[in-house]
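As given in Swiss-Prot:
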type	residues	note
SIGNAL	1-17	signal peptide
TOPO_DOM	18-244	topological domain 'Extracellular'
DOMAIN	30-177	domain 'FZ'
DISULFID	C35-C105	disulfide bond
DISULFID	C48-C98	disulfide bond
DISULFID	C123-C174	disulfide bond
TOPO_DOM	266-275	topological domain 'Cytoplasmic'
TOPO_DOM	297-321	topological domain 'Extracellular'
TOPO_DOM	343-353	topological domain 'Cytoplasmic'
TOPO_DOM	375-397	topological domain 'Extracellular'
TOPO_DOM	419-442	topological domain 'Cytoplasmic'
TOPO_DOM	464-495	topological domain 'Extracellular'
TOPO_DOM	517-591	topological domain 'Cytoplasmic'
COMPBIAS	538-571	compositional bias 'Low complexity'
Amino acid sequence: MKILIIFIIFIISYISGFEIPKGFGIGLVIPDAECLNYIGDPIDQQLCNSKLQNNGDRIYTTTNSQIDSQTNIKKSFEAITFLQDQCKDLLFAQFGICDIYLAPCIEVTLTPLKSISLPQRFCKSVCDRMVSNCPRLEEQMDCSNSFLFPEIGTFYDLSPYGYTIDNGTFAVPCSDPTIFFNQVSSNSSFIEICPSPLLLKNSSDPEYAANKGYSYLSPSNCVLPCPVPNYSNQKWDQLLTMSKILSTISFILSLYNVLTFGIINKKVSDPHKCTCFFSGSIALVNLCDIITYGIGYEELLCPEPGRSAKQQLDPVCGLTGAFFHLGITYCVLWSMTMGLVLYCSVKRQKWFKFNYFLIGNTTFTITTVVIAAATSKFEAGLGSIECWIRDRWYAISLFWIPCGIALLIGSFCIIAVIHEVYKTSKKSISNRNDLLQRELKPLLIVIFISGSFLYLFIFFFDIERKFGGYRSAVEDYVLCLLNGSQEECFTTGPSYVPYFLFYLVIRWFGIIFFLFYGTSNIARKIWVQNKIWKSISSSISPKSTPKSSPKNSDSKINSNSTNNNNMILNDNNDKNLNEKKAVELESIKIN
């Protein structure tokens, strides 16, 4: 395009026989152009109202050119908003940009009834000043182009329009807004514009301080939207839908385990207590999700545009964050305790005291919750679907390191249990199939508990390792927005599939424990022996039997109940092996 313009100017000069004086450029005449007043800035965006010479009177205007110019000015202002740490005198640059796109206009009278409008092009000296103060502007401004940036002025050939003075040429001096800038700059301010979906906030205003949940993109006052656009809206919807469905199911099944092993169970053993507390912990984690989607994910996590929820400003975020931390920490500690219970049972050790672990687990968990709450560390953060501890060192100190140690202990205990099961079975049972059947359940527990938490650990520390790269990649996101391409722009973050799996793992524990424990033989026996269940069975049984007297009916029910109890006892006697080791193995398998 630039070569084409130079070629046209050369042809015009050659045909007219006019020699261009030094310091001047040759301009093209647009017959339909007019000198009009500035239409004014858009209602919702300040641009050039206070930055135009002569208050914006007589602006060179072609068809829709002022609207198009405003679009270009807005894009230029967006770009230099992010150059504040690389450039100086950017306020002057904005005056220059307004003068370039909304050029002053001179009207030349050709005849009493006819005139033509010509633009005053931007002076090269002013262009050089802008580029020297901000070298990045050189990418968009070629100050050596005399057509756009003449040193003195621009010659226009008006002979085709009937102008005869000076061989039909008319000289228009270049525009220099320096004097005007010096007069009004003290009353003018630099205009920051953030490309959508970034939002403009005043970081110096305490109401919009960074510690209130705003994520500023230095050196500007632009903040990232909430939630952060790491993924498309479709992927966010998939993640939130998964969370709603799994959390609800997991919550119900966890309560079932608590009811079965902790409330209606007549003989609550130590393994049953561990199962009960573990399931209760998972229910607490899922309750946070239920509260969150009950209120609304964006309403709770992003209470204001561009602001993520913080404990000190958003009490519900602090409450759900405390519940989540209490639940997930308790969950890890009780998984460790379950491993110790199984190990002591197989080794026939007497040192395990359940109440000690109950006090220890509860004390540690509550202490970490109190520390996090007292220091206001519960917040939504960037790109998350629940409130929790987002401060890096607090999260590592209060959860990942201590709970990682607990998981390691629990995993070693469960591995030791499997080893003891193998040794005992080898001595007393020769059938390999029976050996595999006995080891299958604890082996699956190891895979699902330890493996799941191991994935959470790896994912978290992998994000921490790459966090610096994610932050530096924000520049690419901003460039994508500034380029105005048709493609959707995203910030750089964790890959979607591992991120989705991270939240999936946290929410499947209730379902997994129901499959392990809620469907076990001992769970069914607990319900069969429950008084309420018996009364329901008794009320249903007569309806399916022939008519008889009440006494006979009661006698049959009692007889059936007695027979059922005898059958259960006989089944239990059949299942108990003569050797004590085999009995212990059966107990481990059930629990």
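The backbone N, Cα and C atoms fix where each Cβ goes, glycine too.
A Cα-Cα distance of 20 Å separates C123 (disulfide bond) from C35 (disulfide bond). Taking Cβ pairs closer than 8 Å, the topological domain 'Extracellular' (464-495) reaches residues 75, 78-79, 82, 195-196, 198, 217, 224, 228-232, 383, 392, 502 in its own chain, all 6 or more past its ends. In this view, C105 (disulfide bond) is surrounded by 21 other Cβ atoms within 10 Å of its Cβ, with every protein chain counted. Away from its own ends, the topological domain 'Extracellular' (297-321) comes close to residues 199, 201, 211-215, 223-227, 240, 288, 291, 372-373, 376-382, 384-389 of its chain (Cβ-Cβ under 8 Å, at least six residues beyond either end). Neighbour density for C98 (disulfide bond): within 10 A of its CB lie 25 other CB atoms from the protein chains shown. In the three-state DSSP scheme, C123 (disulfide bond) falls into the coil class. In the three-state DSSP assignment, the secondary structure recorded for C35 (disulfide bond) is strand. Broken down with DSSP, the topological domain 'Cytoplasmic' (266-275) shows 6 helix, 0 strand, 4 coil. Taking Cβ-Cβ distances under 8 Å and a sequence separation of 6 or more, the neighbours of C35 (disulfide bond) in its chain are R58, I59, Y60, T61, C105, I106, E107, S117.
In three-state terms derived from DSSP, C105 (disulfide bond) belongs to an extended strand segment.
Secondary structure of the topological domain 'Extracellular' (375-397) per DSSP, as helix, strand and coil residue counts: 6 helix, 4 strand, 13 coil. Note: C174 (disulfide bond) has non-local neighbours Q120, R121, F122, C123, K124, F149, P150, E151, I152, G153, T154, i.e. same-chain residues 6+ apart with C-beta under 8 A of its own C-beta. Applying DSSP to the topological domain 'Extracellular' (464-495) sorts its residues as follows: 19 helix, 0 strand, 13 coil.
If you take the C-beta of C48 (disulfide bond) and look for same-chain residues 6 or more apart in sequence within under 8 angstroms, you find Y38, D41, G56, I73, C98, L102. Per DSSP, the topological domain 'Extracellular' (297-321) is made up of 12 helix, 3 strand, 10 coil.
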